Structures are given as C-alpha cells and as structure tokens.
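What follows is a short report on a single structure.
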Amino acid sequence: MAEALGVVSSVIAVVDLSTKVFSLCLQYSREVKNAKDDIERLGKEVGAFQDTTKKLQALVEGPRGQDLSASQQLLSTIEDGRSRLERLGQQLQTPTRRKVMSKFGARALKWPFKRKDVDDIIQNFARCRENISLALNIDQTVILQKIDDRTTLHQLPLAHGASFDSKAEEHNSTCLPGTRHDLLRDIDRWIDNHNSKIIFWLNGKAGTGKSTISRTVAWSRSRQGDLGASFFFKRGEVDQGNLAKFVPTVARRLAWSTPVVAPFIKSAVDADPAIADKSVREQFEKLVQEPLSKATATVTSSRLSVVIVVDALDECEKDADIKLLLQLFSNLRFAGPLCVRVLVTSRPELPVRLGFSSIGNAHQELVLHEIPPPIIKHDISIFLHHEFANIRNSFNGDAVEELKLPADWPGEANLETLTEAAVPLFIFAATLCRFINDRYLGSPDELLRNVLSVAGAGQGSRLDMAYSPVLKQQVANRSGNERLDIIESFRLVVGTIVTLANPLSMRALALLLDVHINKVTTRLMRLLHLSFRDYLVCLENKELVEFLVDEGHTHEGLAKHCLRIMSGSLRRNICGLSFPGVEHDWDACLLTLVGHEDWVGSVAFSHDSKRIASGSNERAIRIWNAETGECERWLGGHTSYVSSVVFSHNSKKLASAGGETIRIWNLEAGGREQELRGPGRFCSTVVFSHDSKKVASASEKTIRIWNAETGDCEQEINGENIYDGFVKTLAFSHDSKKIASSGGMKIRIWNAETGDYEQELQGHHGITNSAVFSHDSKWIASASDDKTVRIWNLETGECEQELKGHGTYVSSIVFSHDSKKVASGSYDKTIRIWNVETGKCERVLEGHSHWVKTVAFSHDSKKVASGSHDETIRIWDAEAGRCKPVVEGHGNWVTSVVFSPDSRKLATGSYDDTIRIWDTETGECEEIIQLDDHADVQFFEADGRGIITDRGVFSLKGDSQSHATPPPSSEEQHLGCTDGTWITVEGQNLLWLPPECRNGKSLGVEDFHGRSGAVDIHERKEYIKLRLALGRGFIMQLDIIKPTLSGV
C-alpha cells in the first residue's frame, strides 16, 4: 500500500515539476537569442515528458491504478525522472546569475547549458520516458493476464446461492459465542491434524443445528484463509438440488480462495472449454483432483489446509450422486504439505449411510443427537437468553411506557422451562423465538404464555410443542365454521407444499389447486425446515394435531387437479404448428409442376402458402395450387417474357414484370386489375412493400413506386444522372417506409412515401453485388467487387464498419435474424461471419473448392448455409465454425441457399435447372424440383410449405407427387368449348370467354410470330381442332371478328 501511495505522489510531483520546467524554457526562449535551438529542443523534450506523466497520472488514478502502482520498477523510474527535473529546474532558476546580468544592463537571463549538456539532458529524459513505457507495458501485461484468468474461470457455471456467504444465506445465523464450543474445537483439531481422516461426517436428526454449524465452520475458516469452497444443498432448487453445477462451483471457489490451485484449474478449462458438460467424475478429476495434486508441488510452506464444507448432502436429489460424491472426496489425499479436509453434514438417511459405507474408514463421524444432553442444554440456554433479549429490546423500542416488557422478562424460570422442552432440538428454540417475535399474532408476553401452556401440558413430542402454538394461533377466537374453513385451506395449500417432490411458485401452485391469489410471484414456495413436514404427516400425532396432512388423500387430490388441467388445456397440435405431424417416409421429389412451354424465369410463393406463381419466356404466368400441384389459372397478356413475379404480403394480389409493363392481378376475382406501363424500357425487377400497398419496379436507371390498388405511378425516381450502371436490386425496408437500390458502386435510400432521395451510401470502389436491410431496419449491408462488406447506419447514412478480409469479389451478404451478425460469401472460396457492432471477423469458414455464390443464416442464427460453384452446399455451425453436412447432388453451380423458418430444411437453386430441398441435420436431399432453366430461391413461406424463387413459387409436399397439366406436344393440340364459357386445351381451362364472345361468335387468335387464325365458337360445336407452333403463347388479343381460317 505504501508503494502505491508513493507512485501516486511521485507522479503528481513529476507533473508539477515538468510544468514548472516547461514554463522556464518558454521564458528563456523569449529572452535568450543565442541558444534558441537548444532551448526549443529541450522544451519539446520536457513537454513530451510532461505528456507521458499526465497520461501515467490518469492511469494510476483510474480503476486499475492499484495494480499499476504495485510495480517497483515503475516507482524507481518515476523517482529518477523527478530528481532530474528538480536539478534541471534549479539550474534554470539561479538567482545570482539574474542579478549579475541586471547590474550591467544586459539581458536578465543567460542560457546556462552548452549544446553537449542539452544533448545529454534530452537523452536522459528520453530514456526515462522509455523506461516508464516499459514498466507500464509489464504492469499492463500482468493485469491482462489476471483478466484472462478471470475470464477463463467465468466460463465455469456457478450455482448462485450455494455458498455460505451468498445473498440467499445472508439472514441465516451462525453459532452464538459460547455455544457449540466443544464441537467446534473438535472440528478445528480435525482440520489442523495432518493425520486425520479426509471427511468429517456431522449427522443429526432434523432440527439439531447442522446447517448453523456448517455456516459457522465456513465463516471461521474463511477468516483464517483456508476455506477452499462451500456448497449448501437444497432440495427443489434448480442449482442446489443436484450435481449439475456442483463441481464447477467448487472449482471456481477454489481458484478464488487458493491462489496456488488457480493456474491449474485455468489450464484445465483452457484445455477443454466444454469440461462443464462432461460427466461429474471427469469434471471432478480435471477441475478439482488434478489441480490440487499439481499444486502440492508448488506449496512452499510446511502445511497448507484446504477446507471444503458440504451442507445437507441428504437433500441432493439422486441417491447415486450422493454415493459418487463421497467416493470422489475420499480420493483427495495427497503426499506433501497440502491437506484437503471435507466437512459433510446431513440427516442419517439411508442413501447417505450407504454412501459412507462404500468408502470404508476414510471418514470420521459425529452424531449431533448423541451429544450429552447437558452440553446441548447449555448451548440452547445461551441461544434463548440471547434471542429473548433481542425480542424484549425490539418490542420496548416501539411500545408505549405502560406496555413495555420488564427488564428481567421472560424470567429465568420460564427460560429454564423452554430450554428443557427444546433439548435436543435447536429448531424448537428457533421456531418459538420466531413465533413470539411475530407482532401480527400478538404481544410477546401473550404468545409466550401460549407456548408455556403447551409445554406445561406435557403431551406430545417436542415438535408438537414447537409447532402447535403457531398453528393454534391461526384459529384462535374463530367460530366453528371459520375454524374448519381455515384448517381445510391449510391442508389444501400447505398439505400440497409438503407433499410435492419439488417446490412450485405461488402462481403455479394457485393454478394447480384452482384457487385465486392476489399476489403473483415466481418465487418457489418451500418449507422453512423439513421438521415441519415430519410433524404434519406423522400419523402418531393424529389425535393431537388438528392440521394433520393425510399424504394419501393429498396425492389423490393432486391427481384430480392434474387431470382437470389436462382435460381443459390439452388438445391436438397444442403448439399451433402448421404441420403437426411428420411422415416417417416420403418421396424425395414432393411436387413437380409441369405446364410452361418455355424457360421459367421467376417463381414466387404466396405468403399464405396456398398458391405458387410462375412466369416464363412464353409471356404468361401460371397460378398453381401449392397443395395439389394443379394449374388453377393461366394469366396472359405480357408482350415480352416475364422476368419477375411477386405476391403481395396479404396473398391477394400478384405483380408481374414483363418487357416494359408491370401487371397487377387480382387473384380472388381471377383477372388483371392494373397495368403499370413505363416509358418503353425493360423492367428488370419488381417487389411488393411489406404492407402490400405499394409496388416498386426498376427499369434500367429508373425506379417507379406504384399504388397497388389504383395502378397509379405515385413516384418516378430518375437515376439517369445518378447511377453509373443499371439498377441491379431493389429492397423495401421491413417497415415499408424506405427503399434501397443498388447500381454501379453506390447504394441509395429512397423515401417510399414521397420518392425523395434521402441518402447515398458511397464508399465502395467496385460494383455493388448485393444490398440488404437488417431485420430491425436499422442497418444496410452491402457487398462489392472491391473485396469489402460495408455496414451502413440507415439513420445517418454513415458507413459504420468496413469489413475487410476477403481476397477477391464479395458476391453475397446476409444478416442474421437478430441483426447482430452478417455472413458474406466471396469468390475467394470462403465465408466470413462478422460482428455488426465491432466489425470484427468472428469466423472464417473454409472448405469450398470454388467461388462461394450465396450464403444464408438459419432463422435461429445458429447455422449458416453456403452454395458454391463447386456444385456443393455446406451447412456450418455459426458459433463453432465447423462444417456440418457437405451437401452434394447438384450438377452445376449452386447460386442460392435459403433456410426454412424452423431451420430444419434448406432450399437451394442451381444452374443444373433444379431446386433441391435438404434436411439440414442429415444433409439428405428430400425433394428435387426439376425446371427448364436456372432459378434462384429467395425465401421459404412462413409455414415452411413452399419456397419463393425468382421463377415463382413452389409447393413442398411430403406424402405424394403431383403433376400439373402436361405441356402441349409438338403434334396436334385439341381446343374445345364444352359449355360456352371456357376454351379448353386437352380438357384444361385455357381462356374464359366474356358473354359477347359466346355462342355463334368467332374468336380471333394470333401466336407470338404474328401468325393468325380463328376458332369458331358455335352453340352446338363441342370439339374443334387447331394446330399451333410448340412453345408459343396462345392468346394475344380478343376481338369479335368475322369467321376466317386464313393463316392457320
């Protein structure tokens, strides 16, 4: 401590001296001209030294200053700098020189140093600065080592509340001075005797004071510095009723209390970070036994004791764990100065007795209830005198003068009576003191008389004398019916508490018993002491105890309550899963949709998972039933191939882009609702807002925002002078308020309401390949050919993080669903996982042999999937960085990967013209969707039954394989009109006819090559035949014309 104060005072002195010397140098620089260069050089060095010492002052006065100040090297270096500053100050401030120069009318100051002297001074101060930096580096390295040790040890889970000095034990007492004197002395002698047994078993019946003795020994040995650890078992507590956290808790306490053991425990955790998940035996050997054994060789003293206190071992829930723990402790005998002593307290229950019999004579035993009665009586008498004095003083502090208790209350005779009644149960004495001190039940003197009346009757056991006054007070002065109601309520609630194997919270208890409570708490309801249970369920007390609990009757009632709850709450598919059952066997290919005549360019699922839309090069869209695979509707009218289809988020509308137009279809009415036509440019992409009210489209360098209801173009965003390339991608934010567009090397943010240009995210030096919103709409991530990923703040437009590490183009970027991480895929064959807040690369996932084209996070953010040009998909553990299954099966580049909402399936798209569905755990291919062209999967539907792709939507079905209408052959195709309402092809509805085109009218048709023909629609004509070219659309225009067959 003296060293620490010395460093602080020396640093302050150095800062003051350096300020003074620096001021003198400034004065010399103003008044002395012939040594200006030397003065400036010396002033700069003194200023640099001053800056160093000010930084040092901030460190030693900070939270880690105590650790820094402990360095002797730092203190000596600072002292050296201070002495040099003092000498320099004295030399610069010589009064005689100033006076002499003044007499002769010369300048008042003369520079006292030669150039060589200045060089030496500067060199010495520079060396001081270097030494200070070196000392700080050493100190800070030590501090970092300590922090690393603590961080490593904190990986071990801790059972909170299990230690003797925890908050949970705060109000539990220790032995009063003068009590348990002989017993505590015997325990101390056992600990200090080098040849004593390893384990001391202190056993006794309920209420004999075992836990109080455990706390006292733990407290005493902690003060002496040899308490290694303590663990207090409590049945029903999550962490204290079993061995799940026992060994890690003991290991952490050992590391904190016994420094010679800490490095070996840390090494064990470093060697196996998952040690806390191993078996209890392996945990104990690696975290306790081996570190203690290795520490023995480093102990320099003649003897080092390590005391471990284990209280209430009988409350450990598993009998096998009790036996195992005693066997493990019996092995803690080492040759050398280190001696381990384990104090175990418990009831003499059968599992504990069997456990001790299995370890032979490795323990010594003391039975509390066999201690001579005079000794117990002496201790209980001291306890009662102490507690009644506190009760008297507390009551008199609040009572008016005439109600105060006399100074000798309760009197020696009464104390003697109570002492005799209590022996040998300390719990009797403790319970009656709590009862008499309860102001809500009456005055202390009145309650004392109630207790003495029971004790004087001489009936019943000591437990009856302890608990009977408390229970009788609950029904005192009550009428017959009220009395019965209170007793029945007691048996219902308290009877349930004493009968349950594990405690419940108040709320859970009320729901189980179907009783109303005004207070809601999650705190477990438990008995203060197990002796109360023994008293309530003992059939021998049947004649004396009104509140007796019949365990059999209580169990019967609990069973009925459980059946009541299950009958009212249990139902089929209780979790509301969309697919509550999973088939044991299913075909790999669940559904194949056939019907298009040309490439399928876009696929999308409706958000209610009931429909799939697909657009193709035949200039038409097909709507499929996602469950059966049937083609429900054929939508024609586009004049160019359909490049994009997308459902509104309410699944009621469909938007399609083809050529220069966007069409919005009303799926409920079955027809086109709006046609959105731009200025004659090709529409490359279309997207619905998340509220389904708007549609955004991109055509070359122009973005348009349309009203999905009216078809009006609400905003036209002309990027002709903004973009250095075509608009490549569009994305609505999740709140539908903003649109992000990427084109060239920039990302731009637009207001979806006003169309105003809000931000330009500029910083990439290559083409932007992808831009995505985070799920909380706070960030945008972008991936570029410049090898970087950038994280942008959507509020400020600032680039918060530039993530560097990839060796070449970054092709794909995706946010985790909690928006805390991003994953990026690159042509350098790797995937990197980045922390959004810090910008650090947390994982590099390597394994692909070719470019990584696409990445995706699972919905729980625990897995990452990647697709590559090596034709494989890899599924990675996002935390550990390990590759789980290597998924193989595609015959060409994999360009898209998407997880299902439950993260159990993965959908992938490839240039082999298939979409495949995989099991993420096994890597098995569950379904293959064969297409006529490449498709990219965008996302799964919310219920996991379908996938949305850029070619439309596909339904996934596990119990059968359905086929849509087969494609027309190159031979004859049969058109018909069976009821005058629809034109059909091979029996499938093709075109709905308005009334003016039915019966006796003619329908003109034209194919995509301009070849015309006509179909005669006649009232009696049920079958006609028309030959059209394969792969071309059928209906281009609908006119009422004269019959003609030319051009067919």
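From the backbone N, Cα and C atoms, a Cβ is placed for every residue, glycine too.
Since we're looking at a predicted model, the values are computed, not measured.
TrEMBL lists coiled coil at one of the ranges 25-52, 221-248, 977-1004, namely 25-52. With a cut-off of 8 Å between Cβ atoms, the residues of this chain six or more beyond the repeat 'WD' (845-886) that come close are 811-818, 820-821, 823-833, 892-903, 906, 908-910, 912, 918, 920-923, 936. Beyond the repeat 'WD' (803-844), the same-chain residues lying 6 or more positions past its ends with a Cβ under 8 Å from any Cβ of the stretch are 766, 769-776, 778-779, 781-785, 787-791, 850-857, 859-861, 864, 866, 868, 876, 878, 881. Listed as Cβ neighbours of the coiled coil (25-52) (distance under 8 Å, sequence separation of 6 or more from its ends, same chain) are residues 15, 18-19, 81, 85, 88, 92, 107-111, 113, 115, 118, 121-122, 125-126, 128-129, 132-133.
Broken down with DSSP, the repeat 'WD' (803-844) shows 0 helix, 24 strand, 18 coil. Summarised as a single figure, the pLDDT of the repeat 'WD' (635-675) averages 76.
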